[in-house]
Amino acid sequence: MERAINFNAGPAALPLAALERAREELLDFAGTGMSVMEHSHRGKDYERVHDEAIALLRETASIGDDTEVLFIQGGASQQFAQIPLNFLPDGGSADYVVHGAWGEKAVSEAQAATKWSGGKVRVAATTAQGKQYTRVPTPSEIQLDPKAAYLHLTSNETIHGVQFHEFPDAGKVPLVCDMSSDFLWRKTDLSRFSFIYAGAQKNVGPSGIVIVLAKKDFIAQGRKDLPKIFQYRTVAENNSLYNTPPTFAIYLIRNVLAWIKETGGLSRIEEQNRKKAALIYGVLDEHAGFYASPVERASRSTMNIVFRLPSDDHEARFLAEAKKLRMVGLKGHRSVGGIRASLYNAVSLEWTTALADFMRDFAKRG
Ligand code: PMP
């Protein structure tokens, strides 16, 4: 069996070591005679995995004691609504920065949430040019309301391939960030954020689960008149075991985090990721007359590299030829078209080199 060279945007490639470990442990987890999926989420065997996943995350991302690590179902999309329900008080206002499709969705769900929560949603900056996004806003373009309940950012726009490399300074306004497509790919000072959320299915695991890193004092400010299941304090008070969590997804996150640790931690992952992105952008720049990269250089995403070829026909041929080389997941999002290569943590330098070689060869042939 030959594994596919997987550039999917999410669900995405998982490290082979994490999958092999799951295969080895599938029928007989830790000598218990059953899979981890068949264990009670209240039992000691599962609890060890759960706690190990949280401990590895704390260690890998250097998460302080002032911060809770939570596992929540419903995807990052659910967070778009749950965040304003918790943190946008009646009469208050929340600021949003928009530089792509996911930020737009976050705004629209927050607006819908205000029907229940009260409060207002303000767009503090947008870089939309019609339906196009090619950059993040500059700090001076962000019209921050100093009284905002929070400032919401999307650190990396997965569809448009536009990424913040430096986060704006929000002063005393709590920073809330959707890090779904660039969580845990580099060393970052996460302590500046009051609330980070990330769907696991790109850099750290399978779909079905969101990792939340939230400051304890921020969680405490959340509304108390919501159904318990929607309050972050409920999840925090119960170590993400208030109700049955997706145990297998958390188990796989444990495997991925163990792989990150064993292979050199975040510094090695970051070094690899930067090399990978440089390889592909290098080809785009070398063949700038053939490949068009719509994103401004300073906002280019290290995770999702989007580009166009001279015609739809070229793009169709590019995808078909790539597929023959076992390269999958390169079609751009249906809303924008073109090509997108997602280079998450589990995408190897070797795979990326194969893609770069193919791109060079394809450009030469035209
Ligand atoms: N935010 C970003 C940045 C994303 O890339 C995605 C998914 N591609 C989402 C939110 C939505 O995630 P989910 O489908 O898990 O709800």
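Note that Cβ sites are derived from N, Cα and C of the backbone, with glycine treated the same way.
DSSP assigns R42 (L-glutamate binding site) to coil in the three-state reduction, outside any helix or strand. Of all Cβ atoms in the shown protein chains, 9 besides its own fall within 10 Å of the Cβ of R42 (L-glutamate binding site). What TrEMBL records for R42 is L-glutamate binding site.
Cβ contacts within 10 Å of T158 (pyridoxal 5'-phosphate binding site), excluding its own Cβ and spanning all protein chains shown: 27. Annotation source TrEMBL lists pyridoxal 5'-phosphate binding site at A76, S77, W102, T158, D178, Q201, N243, T244.
Per TrEMBL, domain 'Aminotransferase class V' is recorded for 6-348.
If you draw a 10 Å sphere around the CB of K202 (N6-(pyridoxal phosphate)lysine), it holds 30 other CB atoms from the protein chains shown. As annotated by TrEMBL, N6-(pyridoxal phosphate)lysine applies to K202.
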Running the binding-site residues A76, S77, W102, D178, T244 through a 10 angstrom C-alpha radius around R42 (L-glutamate binding site) leaves T244
From A76, S77, W102, T158, D178, T244, which binding-site residues have a C-beta atom under 6 Å away from some atom of ligand 1?
A76, S77, W102, T158, D178
Radius 10 Å, atoms counted are CB only; among the binding-site residues S77, Q201, N243, T244, which position scores highest?
Q201
Farthest-apart CA atoms of A76, S77, W102, T158, D178, Q201, N243, T244, residues recorded for pyridoxal 5'-phosphate, distance in Å
30
